[in-house]
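> First the structure, then my questions, so here it is.
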Amino acid sequence: MLWLVPLGFAALLCVLLLFDLTDERVRLAVTRVGLSLFGDYVGTANGAERQKRRMQAAHIGITHRVYASRTLVYSTIFGIVGSILGVYLSAGFLSVLAISSEEIQNALPGVFGFLGNLASISSLGGLELFVLLFFSSSTVGTLLAFGAYRARWVYLDQLAVARASAIEVTLPRTVAFVYALSRSGMSFPSILETLVDNRSVYGASADEIGVAVRNMNTFGTDILTALQQLGRRTPSDGMEEFAENLASVLSSGRNLSEFLREQYERYQEEAQSQQEQYLELLATFAEVYVTVLVAGPLFFITILVVIGLVLQDTLGFIRFISYVAIPLASAGFVVYIDSMTQSMETGGGDDSPFEEPTTAESHNYVADGGATQTDAHDVNRQRLRTYDRLRPLRRWLDDPWGMAFAHPARSLVLTVPLGLLWLALRTDWPTQLPSVANVDLVTGIDRIDEPLVQVTILVLSVFALAYEVRKRRLRAMEAAIPDFLDRMASINEAGVTVVQSIRRVSQSDLGALTPEVQRTWRDIEWGADVSTALNRMGRRTSSPTVTRAVTLITNAMRATDDIAPILRIAADEAQSSRRLRRERRTEMITYLMVIYISFFVFLGIIAALSVSFLPAIEATQTVGQGSTDAISGTTGVFSGIGDVDTDAYRLLFFHTTAIQAVCSGLIAGQLGEGSLSDGAKHAAILLLVAYATSLVI
């Protein structure tokens, strides 16, 4: 058993790495070891400055000395593990080959004859054994060590790319916010601080600007230097250009609002061109999907079915395509689409209708004599804590449908258990469970396929219903935001205060937003200040557009009472975003139709094979054995037609259409509407059509 000791040591090192990811004490110990071993080296090593810039771009919250030292520790551990595994791999490889030493020596030149003894480790001398161990250990160990080292730094590059994409997406909204507040008379450093305070609304670009604000507030850096440093460290080209131009404007004394207006208009124009590129990319993806994931599997399945029914059995190949290739390829396609066309919607705040109260921790102090004196308010505090703990349950009991529509994923809590119960009741379970060796996977799938399809339709339909109700509600409210801001601006321009502006707007018709504005006015009537009432409205709606508008209004109110110009800018930005979304939805209908038509073609061909081709094969099987033998003897084409299991092909067709329906529906949602959640309704519809077709044929 001594030969397992090195392998056990390698396993312990791997366990150490796993604990380093989960346990803070292990992570601290690894960090201390890394700093003691490599801390002095990494600071002066070649490329240290470039590594620091990569860390700044990735926004890593640790120092370069710590990260680089931990990277070398990881590389060392992987090198040791690889060296140990290299010996075992070489020994296992030689044992698998099972080639005698004489055969190897005869095949090699005389100079390399000693390598023949590598097939038998016991026959190796000390030098030959050292050569074997050194070669195998150094090869595998070096590869793993170098791979771990490179992976740690490549990971930073990927984080930087992801942050750059997020910054580019949120930068236009950030510029619009800064431009709007610049019209209020607020100082520019205060504008940046306000932006950073609302980073949950404006996302990665606000986080990036927050670094400059931190340098100004913590280290006393002037605003020009902070912006120049921001331009050098950011991974986003757009943020770099904006920061450098902004620093130039501030240093030259040029009108800041005019510059921000130009930037705002430029981003509006770029948004239109980017959307055109986005739609062209979607068109390409739709064509690729139809060609590769619909026509391709259909072509292979058709050919394999003909071969299987006429020549030899091909059920294994078709099952691989249906159960493995189509789902995996579809999942990979969805991930690729999401990575290429990711459109991040940031902001929104908490979706709970009320603020969570913050209660101070109560203490009971021991009075003289050891008696515990309880404050009369402690009972009320305990009641409030109990009330807060029961709040989610009370919401479900008070408005179960509203909670389900507000959080569509929570519908799975109800539908999945009901589906499993239905599956258990509808499945024809065997009276006696077979042994593991005698388990027939195909028979097991045949027993549960129809109830499983029914359950899937139920789960997808309920989730899609809740999701669509919530999405349409948000769209209706977001559609009313430009009108809401325009009306408030018009009333404020007439000299009316913000409070009275909200009162008058609440009396008008704003569509789906009217109840929320009226509720906001009731909050103000009952004693809430305007900022609190508007923030509550933003949390209730859970809409990023509403939250951005509320954030802009509440911050503008702190600087000036004349917020009409700011509201006009916000209304224009909201209207522009709404127009782009409407144009995008109109164009996406084409891609939805392409996917639907491609699936119906797929379903039609599968149905034709089931209705026409399989019955013809079954009719041929009823012909006498003599006739079949005669045909086989003369042509050899129909040699396997006599023992074809047509029922297995028919069952496989049903499974294939069901799998393709779900995959096509989810991809339709990702392509056509930008989210897998949007694909739930398409998957439910296509799966229902596939199931109904299987019942008819």
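Cβ coordinates are placed from backbone N, Cα and C, and glycine is handled just like the others.
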> Have a look at 250-284, 355-389 and point to the one annotated coiled coil in TrEMBL.
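Spelled out, TrEMBL records coiled coil over residues 250-284, not the other listed ranges.
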> Tell me which of 10-29, 130-149 corresponds to the transmembrane segment entry in TrEMBL.
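Of the candidate stretches, TrEMBL labels 130-149 as transmembrane segment.
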> Compute the average pLDDT of the predicted model within the coiled coil (250-284).
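Taking every residue in the coiled coil (250-284) and averaging pLDDT yields 85.
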> Go through the chain and flag residues at least 6 beyond the ends of the transmembrane segment (401-425) whose CB is under 8 A from any CB in it; none is fine as an answer.
351, 395, 448, 451-452, 454-456, 458-459, 462-463, 466-467, 469-470, 473, 542, 677
> Quickly jot the same-chain residues contacting the transmembrane segment (317-337) by Cβ under 8 Å, restricted to those at least six beyond its ends, or write none.
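Contacts with the transmembrane segment (317-337): 285, 288-289, 292-293, 297, 300-301, 304-305, 308, 649, 652, 655-656, 659-660, 663, 666-667, 670-671, 676.
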> Using DSSP, what is the helix/strand/coil residue split across the domain 'Type II secretion system protein GspF' (484-609)?
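Residue counts in helix, strand and coil order: 108 helix, 0 strand, 18 coil.
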